[in-house]
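The domain 'Response regulatory' annotation in TrEMBL covers 2-115. What TrEMBL lists as 4-aspartylphosphate is Asp51. Residues or ranges marked as domain 'OmpR/PhoB-type' in TrEMBL: 125-223. Residues or ranges marked as DNA-binding region in TrEMBL: 125-223.
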Amino acid sequence: MKIFIVEDDENIVELLGDELRAWGYETMSVKDFNNVAAEIEEFKSDLVLMDITLPYYNGFYWTQKIRQNSNVPIIFISSHNNSPDMVSAMQFGADDYITKPIDISLTRVKIQAILRRTYEYTMQSDKMTFEGISLDTSRAKLSGEGFEIDLTKTELLILEAMFSIKGQIARREDIMNHCWQGDDFIDDNTLAVNIARLRKKLDAVGYKDLIQTKKGIGYYLMR
């Protein structure tokens, strides 16, 4: 997934960029503050982090410009933690709001929540694909050249979590949240058992290595 950062403080740009890349996202920051909307479109951004106070034009202006052609999720960044700014951000088309100093943990949760809502909406009308393999969420089937696999509900949810970020790392806790919605009785071992069963099905059709493990973090898709 691609996240575009619109921020004129280089220290914040570096902090956000380093953290986002560590979480498996691809990032880009604005180069020309007179050309923000075009750069966001060119990068094919999946989400935008937008500072309010910027050179030339503020974040409210650029959000209005973006909203003329795109529904890309936008999270506002501001040094002011007050209700009028938050209300204005939402009125101008923002999806959420964070304040400086940046709380990295909160930022991560907000980004994941917005991307989850966005991809779930897309899932309702489209199949999910990765490198020629298709996940049919309405029929609970995984298919590719010469094969079709029936999936259990849990297997479908596990694959949804990985297909939604296409090759990026899906963290274990995020997959478990998606499958079991914070059930206290679910642990890493439950997920590992379900991954093993899914790999066995994939092995039978020659795709055992489709699901890769990132030790200590989670899982990702690879052809």
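The backbone N, Cα and C atoms fix where each Cβ goes, glycine too.
Sequence-distant neighbours of the residue listed as '4-aspartylphosphate' (same chain, 6+ residues apart, CB-CB distance under 8 A): Val6, Glu7, Asp8, Asp9, Ile12, Gly59, Phe76, Ile77, Ser78. Computed over the DNA-binding region (125-223), the whole-number mean pLDDT of the model equals 87. Per DSSP, the DNA-binding region (125-223) is made up of 40 helix, 25 strand, 34 coil. Taken residue by residue, the domain 'Response regulatory' (2-115) breaks down under DSSP into 51 helix, 23 strand, 40 coil.
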